[in-house]
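This report refers to the structure that appears directly beneath it.
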């Protein structure tokens, strides 16, 4: 039985079992499974207790006994050595080196616990270095837990991250925070550097909002600088705005920016040649790995020096390092203006990598995710050019709206697929670095189980059912019901390989 990997080849892969009609209710086999499971599977709202972001979410005694200090430093790790999985005869797989686990907030925190306890720990003997990035604990540690987590990823090489809250004014008031802390993703990216790559999870049974997209579109987002490290301020009244650069061994150079006649706003931002070069190398390497052409897009016609620097560095590195490899694989690299590239992207069938600046990549990755069917079907990985650090997470947020429903005791149907893939992509990287193919195979089998439950059995969460045009209640299941189906499918797939 072959494993599933998500690349250009996956988009062309045909499944052996035909997908059910999109307008039909769940298949009879799916209904039988859910009916037989109803005595043990309840809605997520009744099965998982609401927890404060400050508390650990693991149901295991190991996690519940951790101290606050251990949550911060990650020194207290999971060392589970049971020889068999629950209710199965499948041997546990040893993960050679640790994986850094970054917990998160709200609905995704609850789902994260379920994934860890039901789909990861029963099958893997893994040392998890745990850091609680829940908003309240970040506030308690003055956000040092985020810095420590990033340093741990540097040390161990691989991290998996749950979605987290980036506070705004309303969140500061809600959580009574000391201050409006920065985005933990931004903090981690600025410490690790590298490039964020977002790739769709393609499920043939889920129709695309952009129907022509038959091949993956991978967004490479430069994970450093620009607006995300900008200094901005409100200008209170008339005055002169200037930009001053002072060389280490030279006289200050002053550039006039604007003469304000009244109030306004101003912003300065920056990037570095070193970071742009790393971005270029990571982008070219990803394109070669996936066997796809690469497009780099900027607005260099307007930002002639700023965006022009990106364009020039990419071209220089392509010609000096990667052109021969691209041509040997019949691939190409091209710079295109961002507005032209976005228009061409919508008209295309997919099948390429886009290298984008920080803000452009942030926006376009969500557009691509929704175009392929759902924000819940998009992976996000942070990759450094030399491969010394790798972090994977879901591309979506903490699903606050579902969490509010959960707090009221109502059932929720939150798509966990991207969060599951955050674990699997991290495990695949860990297995590759450690040269442990059984770890890679397990992660690929878990990904395959997620896809097959939707594609072959018609069991899906509400967002995917709506994408299929199915609004009736019987068309979708709760989060825990979906994950129970994935667990069943995973066990069957693993047993068939023994």
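Each Cβ is built from the backbone N, Cα and C atoms, and glycine gets one as well.
Taken straight from Swiss-Prot:
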type: BINDING; residues: 164, 165, 166, 171, 347, 397, 398, 399, 400, 401, 402, 415; note: NADP(+) binding site
type: BINDING; residues: 166, 183, 184, 185, 186, 187, 188, 189, 198, 221; note: substrate binding site
type: BINDING; residues: 339, 362; note: Mn(2+) binding site
type: SITE; residues: 228; note: site 'Critical for catalysis'
type: SITE; residues: 299; note: site 'Critical for catalysis'
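Here the features listed in Swiss-Prot are placed on the structure.
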residue: 164; record: NADP(+) binding site; CB count, 10 Å: 26
residue: 166; record: NADP(+) binding site; CB count, 10 Å: 16
residue: 184; record: substrate binding site; CB count, 10 Å: 25
residue: 186; record: substrate binding site; CB count, 10 Å: 16
residue: 188; record: substrate binding site; CB count, 10 Å: 26
residue: 198; record: substrate binding site; CB count, 10 Å: 22
residue: 339; record: Mn(2+) binding site; CB count, 10 Å: 11
residue: 362; record: Mn(2+) binding site; CB count, 10 Å: 18
residue: 398; record: NADP(+) binding site; CB count, 10 Å: 22
residue: 402; record: NADP(+) binding site; CB count, 10 Å: 24
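Note: the Cα of residue 339 (Mn(2+) binding site) and the Cα of residue 228 (site 'Critical for catalysis') are spaced 21 Å from each other. Classification of residue 198 (substrate binding site) by DSSP places it within a strand.
Highest local Cβ density among the recorded positions 299, 347 belongs to 299, counted as other Cβ atoms within 10 Å over all protein chains shown. Around the Cβ of residue 228 (site 'Critical for catalysis'), the same chain contributes 183, 186, 189, 190, 358, 359, each under 8 angstroms and 6 or more positions distant in sequence. Here the C-alpha separation of residue 198 (substrate binding site) and residue 362 (Mn(2+) binding site) works out to 10 Å. When the recorded positions 184, 188, 299 are compared by Cα distance to residue 400 (NADP(+) binding site), the shortest distance belongs to 184. Reduced to three states, the DSSP call for residue 398 (NADP(+) binding site) is coil.
Here residue 188 (substrate binding site) is positioned 35 angstrom away from residue 347 (NADP(+) binding site), judged by their C-alpha atoms.
Distance noted between the C-alpha atoms of residue 164 (NADP(+) binding site) and residue 184 (substrate binding site) is 7 Å.
Other Cβ atoms within 10 Å of the Cβ of residue 400 (NADP(+) binding site) number 14 in total over all chains.
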